[in-house]
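Participant: Pulled these from Swiss-Prot:
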BINDING   M44, G206  substrate binding site
BINDING   R120, S179  ATP binding site
Amino acid sequence: MLEQCSKNIEKLRNKCPLTHCITNYVTINDCANVVLAIGGSPAMANEAPEIEEFVEAAGVTIINMGTLLEDQIEPMQIAACHTKKTNTPLVLDPVAVGVSKLRNDITIDLINKSSVDVIRGNMSEIKAIANLFNITDEKSVAKGVDVSSDDIITKDNIKSNASLVKAVADKLNTTIAVSGAIDIISDGVSIYLIDNGEEVMSKITGSGCMLTCVIGSFCAITSPLEAAIIGSLSMAISGELARRKMEINNEGSGSFRTYLIDMMYNMNDETIMKYGKLYKLE
C-alpha cells in the first residue's frame, strides 16, 4: 500500500486539480499554500451564490468548520448537497464538533445532506461524531479545536480507538482520517496506522486544516482511502523533516511552519518510501 499510495504525488502534480476550499479565515492562507505545494490548484470560494458553480468546476470540495460564521453555514450546506448531486468528492473537517450545540447540529446536517468521502479530525472530534450518530455512548470532553488529553492516541489505546474509527467509517459509509501522534485511517473495512507523528505540529495553528486540504487534493485523483493515507503520510513526513531543519538551525515554530510547506513542495514518492511508517492493523 505504501508504494501504491506514493505514486499519487506525481499523478496529482500532473493533473493539478482545482481544490475548492470552504475554510476558516484563521488558516486560509496556509491552506492555499499547502495545496499549491503538494500540486493542487486552490480556490477559496465561500459565497453562497457561486458555490454550485465552483463545485461543478472543481475536482474536490472541502468544508472546514473552524470559524463557523453565520454567513458560512449556507455555503457549506449548498456544497454538501451539490457535491452529492454532481458526484464531486467531498472532504469534511468538523472542527470542534462536540463543543457546542451549533457545531453538533451543523455536523449532523452536513453529513446527512452529503455523500462525504473523507472526514478528517482529531480523536475527540471523531468520538463526538460517534456519539452524535449513536455509534457509541462514550462521552468526549472536547478542548476547543484541540484534542482532549484523554483522547490522545497512544500505543496503549490504539486498538480501541482504531476499532471505534472503523465503526464510524462503516456506519457513515465514508473514510475517517484521525490525526495525532499516531494517525488512524479506516474506510470501514481496513484500518491503517501512520507512526510519523511530529509534536511540533501542535505548536502552529492550522496544521490540521492544511492536512484536510491536502487529503482533499488527493481525493480529486484517487480513492478516498488512498487519498487519506498519502495525504497524511505527506504531511507527517514533512513535519518530521521540518522539525529536523528547525533544530539544526536552532530556530522555532515560525520557521517550522515555513519549512513544513517547503517539505511538502519537495515531497515525492522516494521520500514517502524512505520515511513512511505505514502499518495495516490486522
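Cβ coordinates are placed from backbone N, Cα and C, and glycine is handled just like the others.
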Participant: Quiz question: given the binding-site residues M44, S179, which has the greatest number of C-beta atoms lying within 10 angstroms of its own C-beta?
Facilitator: S179
Participant: Is it possible to get the count of other C-beta atoms within 10 angstroms of the C-beta of R120 (ATP binding site)?
Facilitator: 31
Participant: Would you mind pulling the DSSP three-state label for G206 (substrate binding site)?
Facilitator: coil
Participant: Far apart in sequence but close in space: which same-chain residues, 6 or more away, have a Cβ under 8 Å from G206 (substrate binding site)?
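Facilitator: Set apart from G206 (substrate binding site) by at least 6 residues yet with Cβ under 8 Å, we have V26, T27, D30, C31.
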Participant: Using Cα coordinates, what distance in whole Å links R120 (ATP binding site) and M44 (substrate binding site)?
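Facilitator: Cα of R120 (ATP binding site) to Cα of M44 (substrate binding site) measures 19 Å after rounding.
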Participant: What is the interatomic distance between the Cα atoms of M44 (substrate binding site) and S179 (ATP binding site), given in whole Å?
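Facilitator: If we compare the Cα positions of M44 (substrate binding site) and S179 (ATP binding site), the gap is 23 Å.
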Participant: Which of the three DSSP-derived classes (helix, strand, coil) applies to M44 (substrate binding site)?
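Facilitator: SS state of M44 (substrate binding site) = coil.
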Participant: Using DSSP reduced to three states, classify S179 (ATP binding site) as helix, strand or coil.
Facilitator: coil
